[in-house]
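Q: Pasting in a structure now, in structure tokens, and then I'll have a few things to ask.
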Amino acid sequence: MLFKKTSFHKPSLILPLWQAFKFLLIKVAFLKLTADILAFMSPQIMKAMIMVSENHPSSYGSGYVYAIALFFVVLSQTLLHQLYQRNNMLTAVKIKTAVVGLIYKKALTLANSSRQNYTTGEIVNLMSADAQQLMELTVNINLLWSAPFQIIMAVIFLWKELGPSVLAGVALLLLVIPINALIAAKVKRLKKSQMRYLDQQVKLLSEMLHGIKLLKLYAWESAYQRKVMSIREREVDVLKSSGYLTTYSMLTLTCIPFMVSLATFGVFFHLDKENVLTATKVFTSISLFNILRLPLFDLPPVISAVAQTKVSLSRLEDFLCAEDLNPEDVNTNYSGNHAVGFIGASLRWEKNGLPVLKNLSVSIPEGSLVAVVGQVGSGKSSFLSAVLGEMEKLEGTVQRRGSVAYVSQQAWIQNDTLQENILFGANLNRPYYELVLECCALLPDLEQLPNGDQTEIGEGGVNISGGQKQRVSLARAVYSNADLYLLDDPLSAVDVHVGKHLFEKLIGPSSLLKTKTRILVTHNLMLLPQTDFIIVMEEGRISQMGTYQELISKRANFAELIQVFGAEHTSKEATQMEVSSSKEEGQLGRSLQQRELLKHTDSSFDQWKIFTNTKEKVATGGMKMSVVLKYLQAFNWRWMWLTIAACLGQNALTIGQNLWLSTWTAETAKVSDFTEWKQSQNYKLRIYGLLGFLQGLLVCCGAYVLTRGSLSASQALHHQLLDNVLHLPLQHFETNPVGQIINRFTKDLFVVDIRFHYYLRTWLNCTVDVIGTILVITSASPLFIVVVIPLGYFYFTIQRHYIASSRQIRRLAGASHSPVISHFSETLVGRSTIRAFGHQERFIRKNYDVVYENLVYFYNNVISNRWLSVRLEFLGNLMVFFAALFVVLAGNTVSSSTVGLSISYALNIIQSLNFWVRKACEIETNAVSIERVCEYAKMDKEEPWIMPKRPPAGWPDKGIIEFVNYKAQYGKDLGLALNDVSFQTQSKEKVGIVGRTGAGKSTLTNCLFRVLEGSEGKIIIDGIDISTIGLHDLRGNLNIIPQDPILFSGTLQSNLDPLGKHSDLELWEVLELCDLKDFVQSLPKKLLHEISEGGENLSVGQRQLVCLARALLRKTKILVLDEATASVDMETDNLVQSTIKREFHNCTVLTIAHRLHTVMDSERVLVLDAGRILEYDTPHNLLQRRGAFSEMIAEAGIRR
């Protein structure tokens, strides 16, 4: 067990990670220690060379020996350091992978009470951001001991050179460390705030993208865009504060070596009047100060990273310690021959919440067919969840025996082939598989799909209809050959004859599953006589149970329910089983390409296949300059030029300081009478101090302008990305995984916010540093230029090879990260189904596979970095060797101060050159993130939301819709989805739209809302051609009740009225009309009741009623009703139908009919077939004519 709970404190994640990886971490630490020790040998060899130059300028032999020794020391350090880096990165990624695995496992066992505290976005963030933060700290963790060790070593060697005066420098260091600690604590708090805002943003974006169809149809994009932008603005404020704090960090790491040297040299003079600065002392000290600079450079970020990682660790520990489902809530080992049993059981969803199911006592015999019925919100689905062990048990006993198969009310489909969705990890048994396909009525569908059962289904099943999703879900359950089947209203999403077929072949008394225990939640009361046992739910209790005959004879609530249904039966002259082409017809139309499939040959199937290819495209080739230019434009040219000026200035001043010291020590060597020299030393020290002060000033200015510029770029690119995504046509979202877009807003924008400007600044500093170093060494040894040219050529050759491969590896790694997120999100949505089937281990293995693929690219990235470093540092080592060799060759012609200056700069160039190429590559590879953020700008967009021509206020006032010779197609290469459609409605007319699957009913709606633009003809509403006005002016003045009840997390009030246009009184009025007023008044917060993600804390029926209330608030003259009452009981269905009739009596209503009895009340009926109008007349006239409509009515068995 990784976590052992104690009563004292929250378990720590660090201890188990240490136990698992301690040997690897110790090995890495040993390599780091050895490399650090070697780093201190170089200044000592340089010191010996300066002393040779001072004392024995003609002694060439020892000079050559020292030059060769210097080369071998720096080479050994290079090899050991690279070995350390490789092992360090691989250990860090192993730790990250372990944590990602833990998060995934935990997500599968999380109790529903805990799950409500963590949205999908937040859990995905734990995996992508917090685990990454832990990995980044692991990479730098050794610096926590290595940096102090290097500081102590440097101080010891400096003491040897400058004696007690070095304590002045140490005191200054000790003063800086607590200030850094304070800043780190502040950064920690800011990081916490930033993560909170990021979570909110990802959660909101995730919901927006999943409900994008609703946002577009209701023209709510702008309102939700403002919500995202307001969260983003708060996040940017936090980033701004964090950026200004780094100004101090920058000042510390750049100026501390100088301040330490100034303090040390100043005290060195004042301690003893005889103390003299020689070249040996100055340049050995400066070399040690340069070594000191790196740990000081690294320590503040590491302290800051520790602070940030503590936040991430705390979040991870909270999540991993959250309450799990209790397997003991369901007893699977009991005596008795019943399959499911409840004995005085009360259960709840939320911790500390009220019980949802109360005092249940029922025993379900093995092999029986049990129906669970009741009104919306009575606890039917919760009853199944209790059997699955998804709820928290308060008292009593829940019993269940044998393996389980579960079909949820909203079908959960994986992004995989149709066959894999059905097999669900089992081996293929071909005869049984084909029997299952036949029983689930899937064989005709397989003929329509481009690759049969090998067709890949998009994320969330976007490219198949609702009915197909439900039948695939049923097939998965049946193929599993379980002992107990829990079926949550699976027949509601399919049409009547398919529903009959499924009941007879799969569920009923003589079906394939007749020997199995089946618990069926249903609103279809006509099935009840064929069941063995019926449970009637009311307000979370079992109000009645028994056989059909027993319940009818009791004449209680059950009989009332039947009577309500009976009234529906007679008034509509139809029974629920006699309905027509149901929800499936419209839902099949939801897939934009699918309609075309049903009407055309295999050539169109290939087109459809293109749309379902959800693999992320990976860019190739070099970084386009246009990408960097886009960033720089967003950065603002003014800030860019100021950053460059500050960088040039601070580097020029650094060289000035060293040249000043070199001149000073050269004078020391020449002066015979030190009295005069001592008089000028205070003046020289003041100039040295002034140069350092100016450098500090420029560092502060540089950090400030960089923060301003980078924040300007972050805001501009985020706004562009959000705007571009919301302007994409609906088709894009139906054929691409949401994970890809979320990845842009998390991983890629993180690079823009935090990383890219840092790499730009570092590269700029290194460039100026390298040029300065070469100029200094060349001025000391002109021969050095001969070596620089070929070495420079090799540098750029190595750089070119490295960047080409590294860039592509980074792109592939970026693309391979999306499946990790998508698989994780998919698992979170389907966790109940996965747990019900007991497939947790298989999904954990699948997670390992997608993470492993991502790691393959990561490993290649690490190794390519080491390949680069070894070669670059070897060339840097050669530069050191030649710089040392040339000063030895120069002999008497160069002073000891020049020798010191030249070699100390050469030692510095190894890191600078390595950093230079590395950062150039980081800029290229991280520019991929900017490229990915900007790629949405190039995609095809919808027409403008607002156009110069705007409709008059109060339009449409009559509600007359006219289609004139209208043609539309889903792709240039596909056939016409609507072909020469012409018809006109009257004002306030009620028109039913019917047709078989794929006839073009949903296409008609899509064209009316301009989700699909026409290729010929026009649509006129109250005298205005809708193609001449903006999409928001059109959609904002139309009304639709969509098929799927989509809710967003937030308050009930914000779901009803996101634009805040209506008063509370109006909201209560519509809630009363939808029979929700009593329910909402019973909630503690009433209108401010928090809706959970996807509306999960409301039943599907209640969600449908909230959507009806939302439509009632929009006072428009045209309503499109995409009938969706199959997931509500008969009483609620009656209520919805009567409310629509009453409240929309003065509107034009277009009803896409999935149940033919509802259009019998229409004033006229439009019959479509293959995108053409077959008939358009009153229902009475159409029935007299005995055409297509009459035929459909006869098929459905509706008595006329």
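Glycine is no exception: its Cβ is also placed from the backbone N, Cα and C atoms.
Below, the features straight out of TrEMBL:
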- 21-41: transmembrane segment (TRANSMEM)
- 28-308: domain 'ABC transmembrane type-1' (DOMAIN)
- 61-80: transmembrane segment (TRANSMEM)
- 137-159: transmembrane segment (TRANSMEM)
- 165-185: transmembrane segment (TRANSMEM)
- 250-271: transmembrane segment (TRANSMEM)
- 325-564: domain 'ABC transporter' (DOMAIN)
- 641-915: domain 'ABC transmembrane type-1' (DOMAIN)
- 687-706: transmembrane segment (TRANSMEM)
- 770-796: transmembrane segment (TRANSMEM)
- 874-894: transmembrane segment (TRANSMEM)
- 961-1195: domain 'ABC transporter' (DOMAIN)
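Help me understand the surroundings of these features in the structure.
A: Sequence-distant contacts of the transmembrane segment (21-41), counting only residues of its own chain at least 6 positions beyond either end whose CB sits under 8 Å from a CB of the stretch, comprise 73, 76-77, 80-81, 83-84, 87-88, 91, 94-95, 98, 141-142, 145-146, 149-150, 153-154, 157, 288, 291.
Using a Cβ-Cβ cut-off under 8 Å and counting only residues 6 or more beyond its ends in the same chain, the transmembrane segment (61-80) has close neighbours at 31, 34-35, 38-39, 41-42, 45-46, 48-49, 52-53, 869-870, 873-874, 876-878, 880-881, 884-885, 888, 903, 907, 910.
Beyond the ends of the transmembrane segment (165-185), by six or more residues, the same chain brings 151, 155, 158-159, 245, 248-249, 252, 256, 259-261, 263-268, 271, 275, 296, 299-300, 303-304, 306-307 to within a C-beta distance below 8 angstroms of the stretch.
Within its own chain, the transmembrane segment (770-796) is flanked in space by residues 651-652, 654-655, 658-659, 872, 875, 878-879, 882-883, 886-887, 889-890, 894, 898-899, 901-902, 905-906, 908-909, 912-913, 916-917, which lie at least six positions past its ends and keep a Cβ under 8 Å from the stretch.
Note on the transmembrane segment (874-894): residues 49, 53, 57-58, 60, 63-64, 66-68, 70-71, 74-75, 78, 777, 780-781, 783-784, 787-788, 791, 794-795, 798, 902-903, 905-907, 909-911, 913-914 of its chain, located 6 or more positions outside it, place their CB under 8 angstroms from a CB of the stretch.
Looking just at the domain 'ABC transporter' (961-1195), the mean pLDDT is 83.
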Q: Hey, which bits of the same chain come close to the transmembrane segment (137-159), Cβ under 8 Å, at least six residues off its ends?
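A: Residues packing against the transmembrane segment (137-159) from afar: 25, 28-29, 32-33, 36-37, 39-40, 43-44, 88-89, 91-92, 95-96, 166, 169-170, 173, 264, 284-285, 288-289, 291-292, 294-296, 298-299, 301-302, 305-306, 308-309.
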